[in-house]
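Trainee: Mind having a look at this structure? Questions to follow.
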Amino acid sequence: MRTLALLAAILLVTLQAQAELHSGMADDGVDQQQPRAQDLDVAVYIKQDETSPLEVLGAKAGVFCTCRGFLCGSGERASGSCTINGVRHTLCCRR
């Protein structure tokens, strides 16, 4: 149940960020270029004091994950995939 609540919270934050991005783009006018996929990073930080279902799946407390457009940054490793605006990207995590 906690896993479902955590995933729902992550989804809501992501959707809110995308909505703010789209409303900001509408305010800027038609002249502006749309940001590239690399600029639309979504970060997720997992912190749990006790063992959770996410830890059983491999997500450890204190891990910082970012949805990257292409390659993981220095000190990060590919830990799966994520989707932004229907485009699949690399999920990069570091401790």
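The backbone N, Cα and C atoms fix where each Cβ goes, and this holds for glycine too.
Because the structure is a prediction, the values reported are computed rather than measured.
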Trainee: Return the single candidate from C72, C82 listed in Swiss-Prot as disulfide-linked to C92.
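Mentor: Among C72, C82, the cysteine that Swiss-Prot links to C92 by a disulfide bond is C72.
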Trainee: Looking only at C82, C93, which is named in Swiss-Prot as the disulfide mate of C67?
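Mentor: Checking Swiss-Prot: disulfide partner of C67 resolves to C82.
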Trainee: Taking the Cα of C93 (disulfide bond) as the centre, which of the disulfide-bonded residues listed as C67, C72, C82 lie within 10 Å of it?
Mentor: C67, C72
Trainee: Specify the secondary structure state of C72 (disulfide bond) as given by DSSP, simplified to three classes.
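Mentor: DSSP assigns C72 (disulfide bond) to coil.
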Trainee: What's the CA to CA span in angstrom from C92 (disulfide bond) over to C67 (disulfide bond)?
Mentor: 6
